[in-house]
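What TrEMBL lists as active site, proton donor is Glu206. Sequence annotations record features per position, and here TrEMBL assigns substrate binding site to Asp46, Glu84, Glu137. Look at TrEMBL and you will find 11-212 tagged as domain 'Thiaminase-2/PQQC'.
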Amino acid sequence: MNMSFSQQLRSNAEPWWSGAVEHPFTVQLGDDSLADAVYIRYLLQDYAFIGTLADHAAFSLAAAPDMVAKGRLAGFLAALTSAENDYFERSFAALDVSPADYRAPELNPVAQLLAREMRDAQACGYADMIVVLACAEWVYLSWAQREAQKTPPTRFWLREWIDIHVLPEFEAFVIWLQSELDSFGELDAADRKRLEQRFTRMAWLEQAFFDVLLTEQK
């Protein structure tokens, strides 16, 4: 049986895809064994990334070809700027991280590369923007579904981060993103190659983002 284009993208992104999805950071998060100091570093970097992601979703929404796509992206953007933002603010408060620290953190090199990849995709068009978004959100759905099978962490900032990424609405959004990826399989060979390379870079960056957090711990 022929693989769909989304499956091809994921397969071609190995070993970085599995490296991100199965990363020790995600396993420790689900085991409730991740040190608070490490998770604070993660939250600081990821909160800055969420801001970039919200901008990216807005650019994608503006470029979307139809109202169905616009509606999907609008729903995702609404979740980022409401429930997810609330999660970050409550977590920072519980972990004694001041607004001055989390509103303007110094981005690590990988976070800077992620932001650059998103800006580059925005300059290229809708398909590139969706590829970036799909890789990031699909990675999170994949590891969160695995970790959700464990006993929930006692610390709410770990438990709720898993919960957010296994919500039916989030899973439905990722499935829709996969269907968009599959539609890009109809593009010409040069466009498909560009999208494959972008998806693979994003998978590598997702793994590297987790790598840096645990490396800084040592």
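From the backbone N, Cα and C atoms, a Cβ is placed for every residue, glycine too.
Where the annotation comes from TrEMBL, it is an automatic prediction and has not been curated.
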Remaining residues near the recorded substrate site, that is with C-beta within 8 Å of the centroid of the site residues Asp46, Glu84, Glu137: Phe49, Ile50, Leu53, Leu80, Ala136, Tyr140, Ile164, His165
Spatial separation of Glu206 (active site, proton donor) from Glu137 (substrate binding site) - C-alpha basis, Å: 10
The domain 'Thiaminase-2/PQQC' (11-212) [mean pLDDT, rounded to integer]: 97
Same chain, 6+ residues apart, C-beta under 8 Å of the C-beta of Glu84 (substrate binding site), given in sequence order: Ile50, Ile164
Listed recorded positions (Asp46, Glu137, Glu206), ranked by Cβ neighbours within 10 Å, top entry: Glu206
